[in-house]
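Enquirer: Have a look at this one.
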Amino acid sequence: MQQAERIPFNLADPAPVRHDWQQSEAEALLALPFIDLVHRAQAVHRAHFDPNEIQISSLLSIKTGACAEDCAYCPQSARYDTGLPRQELLSLEEVLEAARRAKAQGAGRFCMGAAWRSPKDRDLERICRMIEGVKALGLETCVTLGMLTETQTRRLKEAGLDYYNHNLDTSEAFYPKIISTRTYQDRLATLERVRAAGLKVCCGGILGMGESDADRAGLLTQLANLPEHPHSVPINLLVQVQGTPLAGTEKLDPLVFVRTVAAARIMMPRSRVRLSAGRREMSDELQALCFLAGANSIFYGERLLTTDNPEAERDRSLFRRLGLRMAGPLAGD
Ligand code: SAM
Ligand code: DTB
Ligand code: SF4
């Protein structure tokens, strides 16, 4: 607690952008009295954003299941029997049809996810056509395809891609308990190639995997100390899927989830902090607390990649009750 009190906090300049966060500072932030923490986060939020505006992204799984990786949370790994039907790479027309529907529902960004360790060059060219087509509809584009080479990041940039999603998922210390088939350093190397190609980075993690406060602080410290803060920071709550090793993990205290959102807002003041997977399990009140703590983006639409998201009508009603507005298409960040 004492350490957090020493973290400079000036209401007149609440949100300095820093890249030199210490793990101990992040831990101290997470341990602040809840009201102090949320107040700080809301002050930071208001210094950079309209607090009543939420950015809206829609997700589509363009290649589903049969993934070679062993991510312990993921229903798409070929190593776990989750009963998920596999689906090869969708056609361009199928993707554009889904993007048109997302736009009609109010999405500003369309995110396409593929269950790959890394894309083959032949597949990447098909993805480039999808990016061009989605952009032509007037949507921002995001893809998440696994690890990339330098040439691949360049091809994606040339195709007009706006964002690349590649999560660190958790702290470096906890990571080996979750994934063994690729390293934390592999992830950092892909993120560096994405940044160097001039793509915007979308990078965050998952909470509720049995990690500790120190792990949550470690994840936020890694994210905030990247050469540039990620433009978008998805904070996912683990969606527990039967058949994955993490099914049955003890549920995270929802207030710890809110605390982590608040600390993310304080440590990455200009980033879009996205309340991502797991909203279906959250009450309206918990989501409202997350928005108060500085979350200002959601995934919208009935489906995430392979699991359910809240019904669009439930979200519209929540937004009405909270007086929140959806940021228009191309509002970006
Ligand atoms: N295969 C690529 C990769 O992993 O880099 C891209 C798709 S992968 C499904 C994208 C992200 O979704 C993962 O990094 C993870 O953070 C998130 N995710 C996957 N399964 C999840 C689950 N059950 N609950 C919460 N987040 C999940
Ligand atoms: C992110 O951080 N969360 C999204 C998106 N990036 C690709 C994925 C959530 C997946 C949840 C489990 C599923 O639906 O398969
Ligand atoms: Fe494969 Fe991505 Fe799932 Fe890991 S998170 S198993 S890489 S689809």
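The chain as shown is numbered from 1 upward.
Quick reminder: no glycine exception, Cβ is built from N, Cα and C everywhere.
Quantities reported herein were computed from a predicted structural model and do not represent experimental measurements.
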Enquirer: Quick check: of C111, C128, C290, which does TrEMBL put in the same [2Fe-2S] cluster site as C142, C202, R274?
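Expert: My reading of TrEMBL gives C111 as the candidate in that site.
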Enquirer: Less than 6 Å between Cβ and the nearest atom of ligand 1 is the rule; apply it to the binding-site residues C111, C142, C202, R274.
Expert: none
Enquirer: Measuring Cα to Cα, how many angstrom lie between C202 ([2Fe-2S] cluster binding site) and C67 ([4Fe-4S] cluster binding site)?
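Expert: So the Cα of C67 ([4Fe-4S] cluster binding site) lies 21 Å away from that of C202 ([2Fe-2S] cluster binding site).
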